[in-house]
Every structure is written in C-alpha cells, then in structure tokens.
Amino acid sequence: MTVVIGFEGSANKIGIGIIRDGEVLSNPRRTYITPPGQGFMPSDTARHHRAVILTVLKEALDQAGLKPADIDCVAYTKGPGMGAPLVTVALVARTVAQLWGKPLLGVNHCIGHIEMGRLITKANNPTVLYVSGGNTQVIAYSERRYRIFGETIDIAVGNCLDRFARVIKISNDPSPGYNIEQMAKKGSQYVELPYTVKGMDVSFSGILSYIEASRDIKRILFSLQETLFTMLVEITERAMAHCGSQEVLIVGGVGCNLRLQEMMGVMCQERGAKLFATDERFCIDNGAMIAQAGWEMFRSGKVTELEDSWITQRYRTDEVEVTWRD
C-alpha cells in the first residue's frame, strides 16, 4: 500500500492530509480569518501558516496513527496561489522530505481538487466546474490533459463574492461566501444584474462594479447568487454538450454552495446527466486533496527533484501531463 502526505497552503487555509490507497486517514486544517471588511494579505497569511503548520503536521500523523517511517512520499502545492503562503508550505514540505528521506512531489492545486472530487464521488469522466476564490474554470479530460474549455476572463467567482462581502463588511468567519449564502436565503425578489457570458467564458468584474453601489443588500445578495450561478450552469452545460458528457463534478470552495449544487442539479436532471459534489471537508482547500493527486502521480512514476521543487503563482491546469489516466 502507498501512503502519501500532502501539504496545502496556497491561500488562507493551511492543511495537511494523509491518503493510503484511496482512504483518507487524516485531514486537519486551519484557516486564517481576518476582521470584517478586510481580505488576507500574503505576508500575514504566510505568518499564520508558519505559526501553525507543525501543529497541523503532528495532528495529521497522530490522527492517522502513523509515523514518518510509514510515509512513502511527501506532496506539496506547487501552485497556483499566493506567493508567500506557497513558499512557506513548500519549505516545510521540502524539509520534511529530506529529514524523513522520502521522495518529493510538487502538485498542481487545481488538479488536487479534481482528483479529490473524483475519489470521493466516484465520478468516472465528468465535466468539471472548478470554482473558488482564485479560479473559475470548466474542465474536461482529453488525451492526458485536463483541458480548460471555459474560464473567467477577469476575476474568479469566489473573488467576486469575497470582494462584495468586504464592501458590506460581512464576517469572514467561517468564510464570506458561506455567510453570503445564508443571507441570500432571506431574499426572493430577483433584480436584473449584468450577465456576461462569452462562448464558454464568463466575466464577473462588471457585475461586481454594478452591485457595489446597491443599498438593498438582502435583495442584491439573492440576485447576485442567482446571476453568478446561472452563468456557471450555462457554460458547464455548453461544455457538456461539446464533450458529450453525462457527468458534472463541482469542485473548489464555492462548490460547497448548496444553491449552486441545486441549480446545477436541475440542469443535469433535464439532460439525463448525473451531478457529483462534495461537502466542505473536501471542497474547501485541504491537504488530503494534494495527497491524493500526489498519490496518483507517485504511482505513475513521477517525483520532483529537490532542485525543481520551487513554487509558482501561475500554474494552469492544462500544463500538467496526466500520466495516471488512460
């Protein structure tokens, strides 16, 4: 059996997870939470990660009931993400790999989300909607790559929600997106907002600028979610039709949103397709997803040499050769 430990810290979550042949043995996580109206700065986020990462590492090993000798490979997030937090986690992962005498693997964050979603839901070959604070992509697997069929041309959907939450000073605990979701449930009247879909690409910056001047918060939050998610459902359906797919997998932090899952589910039902999604344990950034992608890569013969174990803030999903799938 192959055991891989994964280190994730590309944004405000620091997580370390351990996977053994498809089984999640542990997955502890911490979140850097800032006051309402504030985002998280890279240097402050990195400082938070440095303060807790060894505690989280001990928790991961203790919860799994394992010792360093039981680990076969150390995986870490190579990118994309925020520079300072990525460096902090990569340094610890590199150090641990050398201290334990284990091979190292740099993992694409986006592919970590996809492989975790496939593991948990057992989706076979889905069209993937990857939605988070830093990314919005519609993805499908083809010829040893996760191909991007559509994406945001400006800001990510999660970033749109987070930035509006800062404008109206919604709490960041547990996350601004979750709190917007709860507040949106109190609304029911739809207000028409800018809707920008270009083929299979979307744009969210215009709608953000438009709503920043609004005063009717509850009504706007309801309409904001409905508009953003309708755009996402539209481009996902278009990609499904293009690929002849009958499965949709939603991954990334925004994928926890039950309204998004509900709207996507209606579309899938109308097409006779299946929807797959996970809850906050695996949708939100976590170490186990990096461990799972690392497990797949390691089993296919990949390793990252120490001199190549750098990080990058820009690392597209389709740059990675997917050697572990047919």
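Glycine is treated like the rest: Cβ placed from N, Cα and C.
The divalent metal cation binding site annotation in TrEMBL covers HIS109, HIS113, TYR130, ASP285. Annotation source TrEMBL lists substrate binding site at TYR130, VAL131, SER132, GLY133, GLY134, ASP162, GLY177, GLU181, ASN257. If you look up TrEMBL, you'll see 29-291 marked as domain 'Gcp-like'.
Spacing of TYR130 (divalent metal cation binding site) relative to ASN257 (substrate binding site) is 13 Å (Cα to Cα, whole number). Around the Cβ of TYR130 (divalent metal cation binding site), 26 further Cβ atoms fall within 10 Å across all displayed protein chains.
If you average pLDDT over the domain 'Gcp-like' (29-291) in this model, you get 96. For the substrate site, whose annotated binding residues are TYR130, VAL131, SER132, GLY133, GLY134, ASP162, GLY177, GLU181, ASN257, the maximal Cα to Cα separation is 18 Å. Of the candidate binding-site residues, SER132, GLY177, ASN257, the one lying closest to ASP285 (divalent metal cation binding site) when CA atoms are compared is SER132. A Cα-Cα distance of 20 Å separates HIS109 (divalent metal cation binding site) from GLY177 (substrate binding site).
Here the binding-site residues are HIS109, HIS113, and the one with the most other Cβ atoms within 10 Å of its Cβ is HIS113.
Annotated pair SER132 (substrate binding site) and HIS113 (divalent metal cation binding site), C-alpha to C-alpha distance, rounded: 10 Å. A sphere of 10 angstroms centred on the C-beta of GLY134 (substrate binding site) encloses 20 other C-beta atoms. A separation of roughly 13 Å, to the nearest angstrom, links the Cα atoms of HIS113 (divalent metal cation binding site) and GLY134 (substrate binding site). Proximity of ASN257 (substrate binding site) to non-local residues of its own chain (separation of 6 or more, Cβ distance below 8 Å) is seen for GLY177, GLU181, GLN225, PHE229, given in sequence order.
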